[in-house]
Structures are given as structure tokens and as C-alpha cells.
Amino acid sequence: MSSLPETYAGEDGKHYPAPLASHDDVVRDSSLFWDTLRRFHFLMGTKFMIPVIGGKELDLHVLYVEVTRRSGYEKVVAEKKWREVGSVFKFSATTTSASFVLRKHYFSLLYHYEQVHFFKARGSVYTPSTDAFSGNSPSWRPELAIVEYSPKPLNSSAESRAEETSCLSGNGTIEGKFECGYLVSVKLGSEVLRGVLYHPEKMAAPPSIPQHENAIVPFKSKGHRSGRRRRNKRRWDPNYPKPNRSGYNFFFAEKHYSLKALYPNREREFTKMIGQSWNSLSPEERLVYQNIGLRDKERYKRELTEYKERMKLRETPEVGLP
């Protein structure tokens, strides 16, 4: 059995290992960066994984280069430059609050690597106080983190799926229930995020459309505007199935939720802003919402058929025996 490296001094007394390469070298050579980053986490005894944002692996090398160009993690936090860092990645229009996610991933995967290779730290492992990245610091402003659907099909191996889902962890609470799912809150560290857990019904979808289950979608429920005839029928018959919504309706609800949190006094502009966002989606991104709409349409057809069959059974008179 091999012994632990000399740079590791136990769970309560970790020490930084010596730099595995110079900062300039890892900036120039991405292969060297990935090799030293994996070895660094092995020496530190910490877990290493590649985060996934919007269905694509996050390029940690680019993230490290952009943050160290701005004098490191704590400087970027203090000067609120995470949005500037995020602009380099050109995330899709449906990705909101990317700065929040980038900051979390950088701190968990690159902060100590930065201390050793950029600042040349030695000795005991240094972890900043919670004030450095929590709401207790006046230089930090909490942002709304929205978890989005990804157009990437969920047919990868269990290992890669574990990497995607283990990037962030927290305690979730169900605050309420409605037709489409549950109102939930998730606590990540000292921050509480709120959204909606939407459960698409498990049913067969066209083979050309990827299936997505158990995704968290921000959603704001509103009264469905339908024709007077349908509305009156549902008024006296609560068993009448709820009409389906299109993919754009689901997209509109998601974007409206995030825009209202960011711009509470500009609701009159939301329709135009959401329409522009929809038009800027790629075919793959738009397919995600169209898939949800198709499933909801199939749900409505199935429930309507079942409803009509029940009504026929009620209207059929019983024939008594002579």
C-alpha cells in the first residue's frame, strides 16, 4: 500500500503541494493545465469533475486564464467581474445567472490550484472566510440561479451523469404544489434559491425527439386564456382535462419568471424581450421546449379521450332484466 504524499498532513492539517508547473506554462499549454489540475486534486485528496453547463462541458482552462488575468478569484469577487468573465464563454440565450455558476465551480475546482500556481502559496491550505463569497459581504450581490433544460439527450453513462448532477448540491424543500409540479426552494450554502420542479409525464415520445425528465424549470402559473365555450364547460365540470400548452408557452413562462426577478419594474417589455429570445434560439435549443409541448399535447389528447369515454358510460341507460 502506497503512503500519502508528504504534502498531505491529514484531514485537519492539509498543506499545499509544490507547484506542478509554472503559471505561464499552464496558461500557454491547455494539455499541461489539465494534467496538472488532475494531479493537483489527487495530491490534495479532493474530488475532481468537469462541470456541464447548457449541455456542454465547461472549459476550466479558459475559466482559469480569464480569472487569473483579472488578478484571481478574490479580486474578481470583490470587483463583481464574474459577468465579464462569463461573456467569454458565449453561453446560450436560455442560460441565466452564469456568473453565479462560474463562481461556484471556480471556487470548488480551481481556487486552491490558483493559490499554488498563480500566487505561489506554501504551507497550510488557506480557505477564505464565508464573507468572501456570501451575502454577508457588501461586495457580493446574490443572483438568481436558474436551472435550464439541456438539449443534450440523457443517454450517457452513469458515470458521466453523476458528473453532471454532482456539480452543486444542497437541501431542497417543497413549498407548494400545482398542476404542473411543485414550488421548491434549494439551499446552497448561505443562499436560498427558489423555482419550480416540473415533471413531464412519462410517455412515449417521437424517436427523433430527446426525452428529458425531472428538470427544474422556473414557472409562473397564470389563468389560461381559452374560448368562452371551453371555459364555461370546465367551470361546471372540474373533471374536464386541462388544455395543452405549446412549446413557446413553456418557454415564455420560464423567461418571464427570470426576467421578473431581474427587472421587476419592466413587465411591459417582457413580451418583446421573450419573443426576441425565442427567435435567437438554435434549432436544438428550441427543440427542447417543442418536446415539452408535444408531450403536453399528447397528455391532453389522452385525457380528453378518457373523459369522453367516461361521459358516454354515464349517458348509456342501464337495461334491467325482465
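Each Cβ is built from the backbone N, Cα and C atoms, and glycine gets one as well.
What TrEMBL records for 241-308 is DNA-binding region. What TrEMBL records for 221-234 is compositional bias 'Basic residues'. Residues or ranges marked as domain 'ARID' by TrEMBL: 27-118. What TrEMBL records for 241-308 is domain 'HMG box'.
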Notebook entry, point to check: Taking the domain 'HMG box' (241-308) alone, what is its mean pLDDT?
Noted result: 87
Next item on the list: Using DSSP, tally how many residues of the DNA-binding region (241-308) sit in helix, strand and coil.
Entry: 55 helix, 0 strand, 13 coil
Checklist line | Residues of the domain 'ARID' (27-118) by DSSP state, where helix covers H, G and I | finding: 60 helix, 4 strand, 28 coil
